[in-house]
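Q: Let me give you the structure first, and then I'll get to my questions.
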């Protein structure tokens with residue numbers, strides 16, 4: 001697998017570690033050349049499985065993963081023959097560090113790696129194939145069927161049936177496998193010198209105080225969320241009746257127009273502050289203008305090209321999965337893929353023509369633009385400066401794209417409103433995405449880190465999950481949950497094993513970047529009305545950061561775009577300051593906040609209560625009838 005150079009290095013390294021940096025460069029260059037084709041083949045096999053869920057494709061993907069692990073292990077062993085910690089060249093030292101830190105591949109048990117791969121595939125398979133059977137609509141998968149209902153229905157009972165049904169069809173079936181999954185990962189990661197998988201994931205941020213840093217950011221943002229929560233709770237009580245809400249101040253989790261209550265913009269119609277002011281149904285406009293899926297991607301491509309980024313490659317259009325196939329099971333969860341050959345970049349998305357999906361299209365294409373900008377880097381540096389940077393890049397254009405100014409430019413808005421009422425409408429809609437998400441983005445990995453540490457185990461998985469959701473989000477389960485349930489598994493990133501704190505980080509840094517890019521563009525409007533479309537000055541500043549990939553610590557990348565070396569919540573708070581003032585005025589008569597503990601009593605809809613009562617009466621009548629019939633026969 002390795003050339004004569006490496007064999008010579010190993011022979012010499014048996015006696016003493018190599019300190020010659022020229023030999024070190026030769027080593028990493030050979031590694032870079034070799035790993036490109038291996039990564040490419042590995043990603044292809046993963047793509048084949050996730051776009052066609054068959055046992056054969058799973059076996060091929062698993063074998064490829066094991067082969068990659070063997071390569072990584074051998075590369076790390078060879079790299080250890082160098083005294084790389086003493087290298088003077090920071091880039092060379094960083095490359096060696098990435099070669100040596102191989103994560104789960106360091107284990108000496110190949111069966112353990114196979115178990116990790118198979119269990120992850122099993123878990124995502126359960127998620128992707130899950131169906132809920134509804135009396136009036138038949139059996140539906142999450143995309144698009146259940147998502148359409150949870151987005152558009154305003155029936156408390158129907159929303160409840162879909163919410164509970166999805167958790168029964170997904171998470172509830174994963175519990176035992178997930179326990180095995182955690183054990184296998186924790187056992188494997190110890191060979192890389194980490195205490196548990198959570199510690200390994202956090203190491204990617206190269207910040208010893210990272211856990212405390214994100215807690216501080218959340219605490220700075222929490223007052224804004226509390227005011228938004230109080231306003232939304234008041235309006236939802238008006239819609240569904242206060243009797244449907246627990247006295248603890250929590251909001252039932254199924255009422256937000258989103259299966260996980262992570263973003264709330266789908267219920268904007270119930271919350272709009274000024275119905276008479278300017279407000280537009282973007283989805284209706286898209287359908288009115290005969291948008292199709294391809295056009296949605298062309299609109300996103302146009303935005304990035306307008307700020308000086310490259311167009312999508314021909315391979316992108318030829319190889320991506322942009323709509324859900326009808327002839328096979330796939331993982332619909334949207335994702336962007338880099339095949340590490342400088343040309344083949346793809347999106348996998350079961351796209352439908354809606355405003356929410358148009359934002360997701362921009363998000364995934366943002367990842368592709370990042371891939372394109374750092375493709376000149378050694379393959380080990382082809383990644384975001386930290387995981388949150390990649391997600392931040394994917395989201396940053398949404399802060400421009402969603403402005404009324406931009407909507408008019410692309411023909412989805414007739415006139416740009418200038419009145420203050422319309423401004424509050426716009427800011428609230430943005431907050432339902434950007435602010436509502438913050439505690440959810442924060443708590444997912446609080447739960448998972450606790451599981452990895454062993455503080456939370458299979459005896460209290462679900463209890464701790466809801467403890468966190470009640471405490472940080474101020475939402476509660478609409479029906480009783482027990483340890484037979486596994487509600488974390490109803491969110492893709494748990495079975496898919498995707499670390500989630502990156503999304504919280506991204507929601508903070510994207511506002512820092514937006515502020516910096518708007519300054520570079522010479523923006524004179526309020527931050528929330530800045531659109532960098534067609535501004536190559538802003539694009540050049542953004543590209544400066546993107547081209548770095550992960551070749552430098554994230555603090556250097558942050559400094560390149562903002563002039564600062566730390567994450568800050570201030571730009572996000574400043575962006576929403578006009579809305580915060582308005583919310584405080586609206587909430588003067590409200591008891592903002594909620595109990596830190598989940599409610600002990602869950603309100604029951606009258607229809608369901610009546611149904612239960614009728615069922616009890618029917619059963620009672622049946623028993624009595626049988627009883628009297630028995631004695632009559634006798």
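From the backbone N, Cα and C atoms, a Cβ is placed for every residue, glycine too.
A TrEMBL annotation is a machine prediction, not a hand-curated record.
Since we're looking at a predicted model, the values are computed, not measured.
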Q: For which of the residue intervals 582-606, 607-631 does TrEMBL record transmembrane segment?
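A: When 582-606, 607-631 are checked in TrEMBL, transmembrane segment belongs to 607-631.
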Q: Quick one: of 89, 133, 139, 332, 364, which recorded positions lie within 10 angstroms of residue 502 (chloride binding site), measuring between C-alpha atoms? Sequence order, please.
A: none
Q: 363, 367, 493, 502: which of these recorded positions has the sparsest Cβ neighbourhood within 10 Å?
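A: Least crowded of the recorded positions 363, 367, 493, 502, by Cβ count within 10 Å, is 493.
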Q: Residue 139 (disulfide bond): which of the recorded positions 363, 364, 493 is the nearest Cα neighbour?
A: 493
Q: Identify, in sequence order, the residues in the chain of residue 52 (N-linked glycosylation site) that are 6 or more apart from it along the sequence and have a CB within less than 8 Å of its CB; answer 'none' if there are none.
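A: Looking at Cβ-Cβ distances below 8 Å from residue 52 (N-linked glycosylation site), excluding near sequence neighbours, one finds 328, 329, 330.
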Q: To the nearest Å, how far is the Cα of residue 292 (N-linked glycosylation site) from the Cα of residue 518 (disulfide bond)?
A: 31
Q: Relative to the Cα of residue 350 (disulfide bond), which of the recorded positions 133, 363, 367, 391, 493 has the closest Cα?
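A: Going through 133, 363, 367, 391, 493 one by one, the Cα closest to that of residue 350 (disulfide bond) is 363.
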